[in-house]
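Have a look at the structure below before the remarks.
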Amino acid sequence: MKFDDVLGLIGDFGRYQILMLSLVCLTATPQAMVSLSSVFILGDMDHWCSVEEWSHDVSDCKDLLSISEQEYLDCIYQYRESSIPKFKENGEVVYSECEKYNAEYPAEWSSDYYASNYTSETIKCDEGWVYDQSQYESTVGSDLDLVCDKKFYGDTSQSVFFFGYLVGSVFFGSMADLIGRYYTFFFSCGLNSLIGLATAFTTNYWVFTVLRFFNGAANIAMYIMAFIIATEFVGPSKRVFAGILICVTFAFGYMMLALMGFLVRDWRNLQIILSALILPCLLLMPILPESARWLISKKKYDKATKLITKVAERNKTKDKLPPNLEDVLAKADEVCHPLYYTYDTSNKTITAIDLFRTPNLRLHTLNMMFNWVVNALVYLGLSLSSTEFGSNPYVSFFISGLVEVPAYLVCIPLINSFLGRRWSTSILEIIGGVACLMTILTPEGAWRTTIAMLGKFCISASFAIIYIYSAEIFPTAARSAGVGLCSTCGRIGSILGPLLVALDEIWKPLPLLIFGLVSIIAGILVIFLPETRGKALPETLQECSRQGR
């Protein structure tokens, strides 16, 4: 008898599992807000060179913000008009962000003074910058002057945050195997909150970036542990549903971040609030259990027995438990481990390298790795740039999160339909890619927002399906190695995402062009993977290497 058989006896999705899943899902909401917080804390603010002689006058403009945004803009723009060179770009007048006229400026600003009347010579900003505070009161960029020559610093810190995801998933994954999912989850919650709070008080870019790295590592650990706790306690038939439900609550966190960003325009205050919202997760310590599977794997059969008995009592199925439950769990451990760790009948341990030993399996592995990179890259790229797909950045970001809810919910019926895993993924990726390309050609307005959100819908759905598909395409003997390898590729895609978004400084449509092309390529390549719907999962590497289309 395996552990899944024990779950079948006590109820693989009873009242206890529903309660635990609901509580775990709540933790995905603050985790999602931290994941995408860089959209607002590192948001771009319109800026131009400061003129020291007029700095006091410019600061007085801020008082008008409480009266009228337009009056505030008229106030600060008059100083820009007098001192900043302008030029035409794509038919629009654009003011320089990094240069001003090299002129002798009067001690007091005058409406009839224009530096361009006295000189055409320009110099780089040597007295700081003026920031347009109509959208953000402050961001990391405005506080630390990450503009002009340092503009890429902000994009780099975002990539460092997601590099923390890569390191954190490996480090905390090993930690979870060593000390358990329970302690790793709550440790990562506390660490996530504390580092986030410390980040809010930094005044140095390098300290900020280092803290963001650890913030990312703790944040992804929190998500992974919640996902494991939620899925390891439900039966096989309900695991996909449990995983999708966590994704849906992640999307709710996405939408809440839009509201929070709208209400709190100062990045430090926003960072403090987001970090504080993680702390209530610690209140779940007396409620959430350790993973029974982990307890069994560590041969803690007595604790696993008590936990399973507790679950059975809550599900009112205690009478179905075998009298010698502890012995049954010990045998379940003996049955499961050889299947997971060994290669056929030998004692050879399976690693990711074994997935490249045969031509067919090698192509399947590379194909799936590429699809993970593309899905993570395009998903994050569209999420980070979603504020640019409409006139109101907060509404655009909210809609970007909102479309994820139906995207995740449609996954289950879609992959179980005649389309299966392969064609569902292919169609979604190709439509998503085409939508990205069409967004480039569509002028500003409701249609552009709609097309961009169609792309976000498709890539969100395909990303969720890829999670399921990759777990089914690799053989049981190498499933952990295969999914782990693909997940690592996904982290690499997340690291590249912010850097590709920054390419809009070279050419505005370039990020969307890349997102569109790689999505279409991934959608075509996935057609060459074998379909797994309704088929027995492969057990060995040899069986998997014989899989065709």
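Along the chain as shown, the residues are counted starting at 1.
The backbone N, Cα and C atoms fix where each Cβ goes, and this holds for glycine too.
Among the features that TrEMBL reports, transmembrane segment is placed at 21-42, 160-178, 185-207, 213-234, 241-264, 270-289, 365-382, 394-415, 427-443, 449-469, 481-503, 509-529. Taken from TrEMBL, the feature domain 'Major facilitator superfamily (MFS) profile' covers 112-534.
Sequence-remote contacts of a segment are chain residues at least 6 beyond its ends whose Cβ falls under 8 Å from one of its Cβ atoms, and for the transmembrane segment (394-415) they are 39, 240-241, 244, 247-248, 250-255, 257-259, 261-262, 382-383, 386-388, 421, 424, 449, 453, 456-458, 460-461, 464-465, 468-469, 533. Contact check: the transmembrane segment (427-443) against the transmembrane segment (481-503) gives fewer than three Cβ pairs closer than 8 Å, residues 6 or more apart, which falls short of the contact criterion.
Regional average pLDDT for the domain 'Major facilitator superfamily (MFS) profile' (112-534) in the model is 90.
Long-range neighbours of the transmembrane segment (21-42) within the same chain, counting only residues 6 or more positions beyond its ends whose Cβ lies under 8 Å from a Cβ of the stretch, are 136, 139-141, 154, 157-158, 161, 189, 192, 196, 215, 219, 222-223, 226, 229-230, 234, 242, 245-246, 248-254, 256-257, 260-261, 267, 270-271, 274-275, 277-278, 281, 284, 287-288, 383-384, 386-387, 397, 498.
For the transmembrane segment (185-207), the partner stretch with the highest count of Cβ pairs under 8 angstroms, out of 160-178, 241-264, 270-289, 365-382, 481-503, is 270-289. Using a cut-off of 8 Å between Cβ atoms, the transmembrane segment (160-178) and the transmembrane segment (270-289) share fewer than three residue pairs, counting only pairs 6 or more apart in sequence.
With pairs at least 6 apart in sequence, the transmembrane segment (213-234) and the transmembrane segment (365-382) have fewer than 3 Cβ pairs within the 8 Å limit; the two do not touch.
Between the transmembrane segment (270-289) and the transmembrane segment (213-234), three or more CB pairs separated by 6 or more residues in sequence fall under 8 Å, so the two stretches touch.
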